[in-house]
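Here is what TrEMBL records for this protein:
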{"type": "DOMAIN", "residues": "69-114", "note": "domain 'Inhibitor I9'"}
{"type": "DOMAIN", "residues": "143-616", "note": "domain 'Peptidase S8/S53'"}
{"type": "ACT_SITE", "residues": "D152", "note": "active site, charge relay system"}
{"type": "ACT_SITE", "residues": "H221", "note": "active site, charge relay system"}
{"type": "ACT_SITE", "residues": "S577", "note": "active site, charge relay system"}
{"type": "DOMAIN", "residues": "695-789", "note": "domain 'Subtilisin-like protease fibronectin type-III'"}
Amino acid sequence: MSIFFTLTLLLFLYINMYRKTVKGSHRMMEFRSILIASLVLVYCFAEERQIYLVLMEESSNEDHLLQNTLKSYTKLQSFKHIMNGFAVHTTPSEAAKLRQANGVKLVERDRGVRKMTTYTPKFLGVPSKSRVCSKKTKTSPDGEGIVIGFVDSGIDPTHPSFGFDDGYEDLRLFCEKGRFFPLSSCNGKIVGARFFSEGARAVAKLNSSVDFLSPFDAEGHGSHVASIAAGNGGVPVYVNGFFYGFASGMAPRARIAVYKAVYPTMSTLTDVVSAIDQAVIDGVDILALSVGPNEPPEEGLTFLSIYDIAILSATRAGILVVQAVGNNGPAPATVVSYSPWSVGVAASGTDRVYPASLLLGNGQKVGGVGLSGPTFFLHKLVLAKDAMNQNGTMPSEECQYPEAFDPNLVQNSIVLCSFSQGFLNGTSSLAAIIHTATTLRFIGFALIANPNYGDFIAEPIPFGLPGILIPNASDSQAILKYYEANTCKDDNGMVSEFKGKAAIGEGRVASFGSQAPTVSRFSSRGPDYMNMNRTVADVLKPDILAPGHQIWAAWSPLSVTEPLLKGYQFALMSGTSMAAPHIVGIAALIKQKNPSWTPSMIASAMSTTATKYDMNGDLIQAEGFNIHRLYPSTPFDLGAGLVKPTNALDPGLVFPAEYEDYINFLCSLPGDPAVIKNTTGGQCNASEPQPHPADLNLPSVTISSLVGHQVLHRRVKNVGTKVETYVWSVIPPNGTTININPPWFTIAPGGLQNLEIQIKVTQKMNHFTFGEIIFTGSLNHIGRIPLSVLAVSVS
């Protein structure tokens, strides 16, 4: 009997007994007070329902299990394709019963999920015909025939990035219609569309004006991600009437399958896993996950969460799964892509920037950012707090409220707004500044750093009127010094005359040639970890680096969660959500050229051919906590390095790994082998010694605790068309020596070669050190394997 039911019954009996003795209005008032207090008591003891994902034995029947185990529940979703399980909405005490029930393998609370281009194809060196052709070509891969599944916030089918081209072979797989999404939305470019909402609807009251129960994208995130990977080639990008260039996806002729599982009001892991389950049945070639849990599971191994087991099942079905590693950088051990059977993508910038400037009346020019047009002429410069409405009570310095100002002072002026406490705590916004500026008819505005709070991070945002963000406190001080020198005040401190002048320069024209790439500050960092306690794992994460900072791509004009972008068809966005689809599109090019390659072979091709050097030939740098400094990157920042698409199409050697290899990896980890059997169905061989976790055949080596020495094994396959001889060279991590056997070998096309890597500690280290193994082929194939080792002791 539940606590809620027991208390309610006792309360009912008590009230009936008490009512018999109640006489008079005073006693009735006392009775009502007791009744209210008792109801509050019952409410406090009532458990809040949550969503739980349940994994069952193959022979178990979920309906029979639920009916015989639980008293109060709502079944939300069944998983029948990638696993035998379901999602249920119930209380924690009822979930505890499920954990003890026969036939149940795993019960896990739904952690929820988060949402984690005109230039990047050229920056990455994608073959030119892949970038710009709209008709089918035979000379360069362009993604033709590859279906990419996107689990995200949906898609805007009316966007030109997703229009049907006459050159496409007509292909339609499935289509669910709904609001703003008629059946005709599946047009051949979009070959399928579904939506999943059972989880979201169970835990929140969805808003019908934004949470559309259809595949339509009301936010923009899903459209952005899909167009980076597979948007049509040569689509003109216009924002506020300004032409920014032509947009193209990495694989512009790949087809798009949409699985909407993310909503503005609520997003659940249940809906995402349901989408993955369906994508496996639909037979997509590649799965893009720019959404996912933002924290590890509360119990057990990260690799054995229901989410990661779903990804393993997709990999087993031959689907390459690409994940964003998260936006929790630059702190270490913040990645949310854990498993070696998926590709975790970190984010970098490119060499393209959008510089803007504020010209002061004394000729001094101050740099900043802001995608807006110029004011052309010098105009009166007004500090927001000096234009306050004397009869008002609202603060003016952050320019959040039109009523805070004296309209006569700010009209036809450039107003200096301050980045102060409201922006730090999230109560102030750029949208409010623009509303104020438009309402009071500012000529323009400048949001400047408040020297009392220091610098802030500014990203270029399109403004409908001239505007600029100046994030450097020293620049702000120079502006304020000029302003004060040209402002007259009376004895009461009130401004009597504004003599200062300023003009906002053009901020929409790109500049190229800066140091690039650099790992973005927000990009989550390694090392990878196995559990909630951040126990370091012998797996490299991130796997690879791709552009994810200031990326132009398609957007939904509704833009219900980003008011500043409302009405725009394109947006300049940043995040590992933007980096992952670059890898997705490049993987589609590789899959098109090599249709028989497995997911691990495609991942290996991108990894071994990636570069750790920037455009100047120097080691790629990474942004850290200090806004003005960079530091040398490590594999925990960028994985194997920046993806190089042309090289990945012809890697020479790959490191193949199959489902059984992943099971052996799981068996090598500490814990009960029965858990692995329960969650994956795989069997650990208890009669043989388990391999070291780092023995998994990955194109990297990570050892979280090396004592003395360790012998690891790798297996390579020649995917070239000719016999080739390879030789190995090593840059060992500090504190170690490394030998490879055989030191060289000759391998035929399709041939396999086993390798032995001997790693020995020569000096104890207090932190990870890094190196690499380089293979060089006689036919000019060159590849790298990053090494990350924590040398604990020499013996």
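One is the number of the first residue shown, and numbering goes on along the chain from there.
Glycine is no exception: its Cβ is also placed from the backbone N, Cα and C atoms.
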*Within 10 Å of the Cβ of H221 (active site, charge relay system), how many other Cβ atoms can you find? Include all protein chains, please.*
28
_Distance check, please: Cα of H221 (active site, charge relay system) against Cα of D152 (active site, charge relay system), rounded to an integer number of angstrom._
7
*asked:* Give me the count of other Cβ atoms within 10 A of the Cβ belonging to D152 (active site, charge relay system).
replied: 28
*Roughly how many Å separate the Cα of D152 (active site, charge relay system) from that of S577 (active site, charge relay system), to the nearest whole number?*
10
*Over the domain 'Inhibitor I9' (69-114), what is the model's average pLDDT?*
89
_Packing count at S577 (active site, charge relay system) (other Cβ atoms within 10 Å of its Cβ)_ = 29
_DSSP-assigned states of the domain 'Inhibitor I9' (69-114) in counts, ordered helix, strand, coil_ = 10 helix, 19 strand, 17 coil
